[in-house]
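The structure appears right after this line, and notes come after that.
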Amino acid sequence: MSAQDEASGRTLILGGVRSGKSRLAEQLARASGLPVTYVATATASDQEMGARIAAHRQRRPADWGLIEEPLALAAVLESCCGPGRCVLVECLTLWLANLLWAEEAGRLQRELDALDALLPVLPGQVIFVGNEVNMGVIPVNELARRYGDLAGSLHQRIAAQAQRVVLTVAGLPLVLKGPPLAGVA
Amino acid sequence: MSAQDEASGRTLILGGVRSGKSRLAEQLARASGLPVTYVATATASDQEMGARIAAHRQRRPADWGLIEEPLALAAVLESCCGPGRCVLVECLTLWLANLLWAEEAGRLQRELDALDALLPVLPGQVIFVGNEVNMGVIPVNELARRYGDLAGSLHQRIAAQAQRVVLTVAGLPLVLKGPPLAGVA
Amino acid sequence: MSAQDEASGRTLILGGVRSGKSRLAEQLARASGLPVTYVATATASDQEMGARIAAHRQRRPADWGLIEEPLALAAVLESCCGPGRCVLVECLTLWLANLLWAEEAGRLQRELDALDALLPVLPGQVIFVGNEVNMGVIPVNELARRYGDLAGSLHQRIAAQAQRVVLTVAGLPLVLKGPPLAGVA
């Protein structure tokens, strides 16, 4: 196995709201020792989201690259992933929500297909963060059910391709796949 | 311990929406090497549910038996469980929802009592699938709260009787009770 | 390490609705062998909650102390925690809800600050019970989102200070931090 192979890998960090998933993802990115690009799918559409984005930004090292992209995730990953690089995607579920609301016919499926095609061949380290949204009462709202179905399926597909999958609960990591976590606290 | 004793056991697979619980249950049923009966509690009451049922059906081996029963679960289990047989029940939480909506006085409690009485003496392999619905914000709706209470209590009672309990997250199994999973991927 | 140090520690038990978190907390309190004070944050504001409180009360040993306090949790802990004592707090998320509804300007933040200040220096055994409410679909309601944020953050802060953190699912404990559970079934 070449050095390049060793350094490549996909990680999925899942967790509920305020479960510590972003912090863990950032620790793993830092611990990679590689140059990091942070891909933010959030848009500061309202004050509350703006405040969350600002808080996340303040926590990140100043030398990390930043790409803000609500929809074209595969295209962004294709452009910024590479051997010896680490890319952190925050977050998948927000990206899905953006696509559901985008109201551009066929866009959602095209973006999902593009990511699925890209996943097995992405070079370098890629860390995906996703919200676990499917362990509550099934929503009455049909769009919310569709969202849950899409999120669960996407998490499954990424988990199947990932070398490491972690669920965070109360700030603590529960490793679902791959080696135990070391070097993060 | 006789071969029959070894082959008997109850398994509970819990998981959120699209977490891979059905697929895992089906893999375990197949891995048992026993003739399988699939007990479906879903009813094709609307188009969306009809599509889900059809997708599940397509995935199952053609030689599995199929019993569709939304309410009388204990009676069905009594008739189809047996030594050297595997029965897969999908799913418990839907069965509870059917009973809550059935509006037949006393039916819910009678069915729960019948299942509780049967659980310790069921012969053969029985695999129960349930939806984890209780890790979200407590619902404002009183019926939804009652549903959550019933589901949580039922899962606890079956877990206490089960030899193996697994929570699925993003398609990955997290064993909560019993031996690690082998022979399924 | 003195006997007093060995006997001191903070435990956090998280779990969804009817997941067995209260029962586990009570078993751990009993297994401590120490005199126990039960701090209840619930108020019997309606019939349903009254019934839940009564069921909890019936399960507890008669010699446990009982303090009912919906808001001033830090003050109560300061008064009843001590070396050679075990205090069980049930539950954190209800306490947060009480504070959110209290409509007393600044009270919520003052109470959170007081608990944060107290946590590192609490003597004796303290067992906190919290509801995992953040793994469902993000609520549309802004107050519910704020509640989820507060609950997740609080659980993280207590988990960071705790020697043991356990998530209960279907009545089964999943240890997230600290030594495996023994002496409870």
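Placed from the backbone N, Cα and C atoms, the Cβ positions cover glycine too.
Annotated features in TrEMBL:
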ACT_SITE  B:His56  active site, GMP-histidine intermediate
BINDING   B:15-22, B:40-42, B:57-60, B:Glu68, B:Glu90  GTP binding site
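Where TrEMBL records a feature, it is marked here on the structure.
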residue: B:Gly15; record: GTP binding site; DSSP (3 states): strand
residue: B:Lys21; record: GTP binding site; DSSP (3 states): helix
residue: B:Thr41; record: GTP binding site; DSSP (3 states): coil
residue: B:His56; record: active site, GMP-histidine intermediate; DSSP (3 states): helix
residue: B:Glu68; record: GTP binding site; DSSP (3 states): strand
Do any residues at least six apart in sequence from B:Glu68 (GTP binding site), in the same chain, have a Cβ closer than 8 Å to its Cβ, and if so which, in order? B:Ala40, B:Ala42, B:Thr43
Using a 10 Å cut-off, grab the number of neighbouring Cβ atoms around the Cβ of B:Lys21 (GTP binding site), all chains included. 26
Let me check the 10 A CB neighbour count of B:Arg18 (GTP binding site). How many other CB atoms are there? 20
Cβ within less than 8 Å of a chain A Cβ is the test here; which of the binding-site residues B:Lys21, B:Thr41, B:Gln58, B:Glu68 meet it? none
Cα-to-Cα gap, B:Lys21 (GTP binding site) vs B:His56 (active site, GMP-histidine intermediate), nearest whole Å: 12
Integer Å value for the Cα distance linking B:Thr41 (GTP binding site) with B:His56 (active site, GMP-histidine intermediate) is 12
Spacing of the two Cα atoms, the residue listed as 'active site, GMP-histidine intermediate' and B:Gly15 (GTP binding site), in whole angstrom, works out to 16
For each of B:Thr41, B:Gln58, count the other CB atoms within 10 A of its CB; which of these binding-site residues has the top count? B:Thr41
Here the recorded positions are B:Gly15, B:His56; the one whose Cβ sees the most other Cβ atoms within 10 Å is B:Gly15
